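Undergrad: Here it is, the structure, as structure tokens.
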């Protein structure tokens with residue numbers, strides 16, 4: 001990219017800045033949850049909603065981000081995303097109650113939902129096609145560093161300052177990013193078709209109320225009647241979307257996507273698989289601190305091997321899939337992740353703390369292989385005219401399933417521990433043991449979906465098929 005103009009390189013730095021902010025925020029909060037609970041006078045069982053409110057908002061807003069960027073302009077939307085994210089960070093730091101914090105996290109989520117997809121769109125518009133891959137590698141690298149720094153930085157700030165600083169550090173960064181966006185980024189627009197507002201609202205209502213209903217009486221204090229009503233509203237909203245999208249060329253997500261078998265299987269497997277995987281980044285630092293008595297900083301450091309394992313495995317995923325095929329890889333990694341989850345619980349409860357970094361490194365390797373395989377399986381056979389829509393739907397499902405996973409993890413803690421989870425409680429480790437056993441079972445379930453993937457589905461087979469279809 002050395003032959004790119006200086007202005008373009010600065011624009012890529014701005015996008016990379018946004019990727020870093022968004023990825024850092026998704027991991028820095030996890031380590032701080034026990035301290036937040038103590039500061040706000042809440043049970044740790046309720047703190048999963050701090051993550052859910054952000055991730056669910058991202059899932060809801062993702063479908064609108066690309067259309068808004070084309071309609072209003074990439075600079076205007078990227079600037080708005082940074083401003084909303086920064087304001088949300090400020091309001092998070094100023095929150096005095098859990099409800100205030102949840103609303104502020106939702107505002108952060110609106111900004112986070114627009115930051116990454118609009119950043120990708122910006123790169124497509126400012127960089128020549130032949131340099132697009134190199135440019136995307138450059139801007140996504142900080143996004144890979146964010147999860148590496150997030151847990152340890154969050155623990156460090158909590159231990160030596162306060163949890164408020166995990167949000168306050170976003171403010172100067174956000175101000176610089178917003179000013180740089182206005183000064184340096186061009187405002188590309190495109191002629192757009194009419195936005196499917198009806199479909200967007202139906203999906204948003206369905207996802208939001210079903211997740212809220214899943215949290216149930218343990219997290220929200222809702223009555224059984226209210227929960228039943230939410231489930232009914234959510235199901236009706238999703239059914240209405242299916243009726244709305246049928247034979248509708250302007251639907252937010254075309255039902256024609258599901259005519260491709262690998263897309264249907266991959267999407268179902270991604271949804272179920274990420275529910276299980278979404279539990280782990282939330283539960284691991286909470287367990288280390290509340291269940292084992294680790295300090296926030298120590299718990300954050302323990303998460304680094306998992307990220308390193310994930311980053312290291314990405315280099316050889318393609319060779320693994322080409323050698324063994326999608327079905328074998330996905331079934332093996334799904335069952336393997338379940339076994340590693342049990343291994344982590346066992347070594348932790350036995351007090352073999354020196355083994356935990358190796359177990360977490362292995363967990364990161366297995367999880368990364370499964371994530372990459374799920375993503376490529378889902379999208380690889382889609383025709384070109386449906387590829388963009390399929391990618392957007394997959395991104396939305398990824399965020400939604402992660403929020404559901406965190407919700408279920410909180411629900412399991414509440415189910416086994418009622419309101420008595422604390423470092424001083426004699427039953428705490430028993431509560432976590434039952435929770436981790438349940439998580440391992442849930443993580444293993446998607447293997448039944450992946451077992452239905454055609455046996456000849458390899459990366460190289462898919463490429464040859466795509467070439468034949470293009471001829």
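Note: Cβ is positioned from N, Cα and C throughout, glycine not excepted.
Reproduced below are the annotations present in Swiss-Prot:
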TOPO_DOM  1-11  topological domain 'Periplasmic'
TRANSMEM  12-32  transmembrane segment
TOPO_DOM  33-48  topological domain 'Cytoplasmic'
TRANSMEM  49-69  transmembrane segment
TOPO_DOM  70-76  topological domain 'Periplasmic'
TRANSMEM  77-97  transmembrane segment
TOPO_DOM  98-101  topological domain 'Cytoplasmic'
TRANSMEM  102-124  transmembrane segment
TOPO_DOM  125-137  topological domain 'Periplasmic'
TRANSMEM  138-158  transmembrane segment
TOPO_DOM  159-164  topological domain 'Cytoplasmic'
TRANSMEM  165-185  transmembrane segment
TOPO_DOM  186-196  topological domain 'Periplasmic'
TRANSMEM  197-217  transmembrane segment
TOPO_DOM  218-224  topological domain 'Cytoplasmic'
TRANSMEM  225-245  transmembrane segment
TOPO_DOM  246-262  topological domain 'Periplasmic'
TRANSMEM  263-283  transmembrane segment
TRANSMEM  286-306  transmembrane segment
TOPO_DOM  307-341  topological domain 'Periplasmic'
TOPO_DOM  363-395  topological domain 'Cytoplasmic'
TRANSMEM  396-416  transmembrane segment
TOPO_DOM  417-430  topological domain 'Periplasmic'
TRANSMEM  431-451  transmembrane segment
TOPO_DOM  452-471  topological domain 'Cytoplasmic'
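Have a look at these and tell me how they're positioned relative to everything else.
TA: Tertiary neighbourhood of the topological domain 'Cytoplasmic' (33-48): same-chain residues 95-98, 101, 158, 162-163, 218-219, 282, 285-286, 289-290, 296, 406-407, 409-410, 413-414, 417, 419, 421-422, selected by CB-CB distance under 8 Å and a gap of 6+ residues from either end.
Taking Cβ pairs closer than 8 Å, the transmembrane segment (49-69) reaches residues 25-26, 29-30, 33, 36, 77-78, 98, 101-103, 105-106, 108-110, 112-114, 117-118, 121, 192, 195, 200, 203-204, 207-208, 211, 215, 219, 252-253, 282, 392, 395-397, 399-400, 402-403, 406-407, 410 in its own chain, all 6 or more past its ends.
Sequence-distant contacts of the topological domain 'Periplasmic' (70-76) (same chain, six or more residues past either end, CB-CB distance under 8 Å): 118, 121-122, 125, 181-182, 185-192, 195.
For the transmembrane segment (77-97), the list of distant contacts is 14-15, 18, 21-22, 25, 40, 65, 68-69, 103-115, 118-119, 122, 164-165, 167-168, 170-171, 173-175, 177-178, 181-182, 185: same-chain residues at least six beyond its ends, Cβ to Cβ under 8 Å.
Confidence over the topological domain 'Cytoplasmic' (98-101), given as mean pLDDT on the 0 to 100 scale, stands at 92.
Counting same-chain residues at least six beyond the ends of the transmembrane segment (138-158), those with a Cβ under 8 angstroms from any Cβ of the stretch are 1, 12, 15-17, 19-32, 35, 116, 119, 123, 165-166, 169, 285, 295-304, 307-308, 310-311.
Long-range contacts of the topological domain 'Periplasmic' (186-196) within the same chain, counting only residues at least 6 positions beyond its ends with a Cβ under 8 Å from a Cβ of the stretch, are 11, 64, 67, 70-76, 122, 125-126, 248, 250-252.
Only residues 6 or more beyond the boundaries of the transmembrane segment (197-217), in the same chain, are considered here, and those with a CB under 8 A from a CB of the stretch are 49, 52, 56, 59-60, 63-64, 223-224, 227, 230-231, 233-235, 237-238, 240-241, 244-245, 248, 251-253, 396, 400, 403-404, 407-408, 410-411.
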Undergrad: With pairs fewer than 6 apart in sequence excluded, do the transmembrane segment (12-32) and the transmembrane segment (431-451) have three or more C-beta pairs that lie under 8 Å?
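TA: Counting Cβ pairs under 8 Å (6 or more apart in sequence), the transmembrane segment (431-451) does not reach the transmembrane segment (12-32), since there are fewer than 3.
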Undergrad: Out of 12-32, 165-185, 263-283, 286-306, which stretch touches the transmembrane segment (396-416) the most, going by CB pairs under 8 Å?
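TA: If we count Cβ pairs closer than 8 Å to the transmembrane segment (396-416), 263-283 scores highest.
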Undergrad: Against which stretches of its own chain does the transmembrane segment (12-32) lie, if we need a Cβ under 8 Å and a gap of at least six residues from its ends?
TA: 1, 4, 50-51, 54-55, 78, 81-82, 85, 89, 108, 112, 115-116, 119, 122-123, 126-127, 135, 138-147, 149-155, 157-158, 163, 166, 170, 173-174, 176-177, 180-181, 184-185, 281-282, 284-286, 289, 296, 299-300, 303
